[in-house]
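If you check Swiss-Prot, you get these features:
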type	residues	note
TRANSMEM	8-28	transmembrane segment
TRANSMEM	54-74	transmembrane segment
TRANSMEM	87-107	transmembrane segment
TRANSMEM	117-137	transmembrane segment
């Protein structure tokens with residue numbers, strides 16, 4: 001008999017494949033691999049508590065690679081500071097990082113939100129040619145909106 005969790009993941013896998021969401025399909029593939037090799041009992045608790053922070057660390061490493069390779073240095077930083085587009089990008093980077101911070105907090109305290117975020121992403125990708133940017137920004141936006149709603153209650 002197929003468990004509810006396996007069926008749910010399988011449905012999400014099909015949706016991810018239809019929507020061509022590589023991150024979702026790879027993530028589900030890894031979860032299936034862990035689940036069916038019985039490593040899940042050991043790894044799932046760790047991923048549930050530390051997975052988001054681990055993912056943020058990997059993303060941070062990827063963002064810092066151009067600095068580590070010398071592709072971006074002080075010269076490029078100085079040149080960028082002369083452009084108002086760079087200042088807009090800087091402000092956008094700060095805003096997105098702050099939104100993502102709220103997203104991490106929301107996903108940590110309210111993990112069932114992830115399902116709604118995944119479905120929202122799949123709908124946007126499948127129906128509106130959107131780009132799957134991951135659950136942190138979506139969760140951050142949700143956190144910001146929820147915080148605003150709480151202020152008026």
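Cβ from N, Cα, C; glycine included.
For the transmembrane segment (117-137), same-chain residues at least 6 beyond its ends with a Cβ under 8 Å from one of its own Cβ atoms are 12, 15-16, 18-21, 23-24, 52, 55-56, 96, 99-100, 103-104, 107.
Using a Cβ-Cβ cut-off under 8 Å and counting only residues 6 or more beyond its ends in the same chain, the transmembrane segment (87-107) has close neighbours at 52-53, 56, 81, 113-114, 135-144, 146-147.
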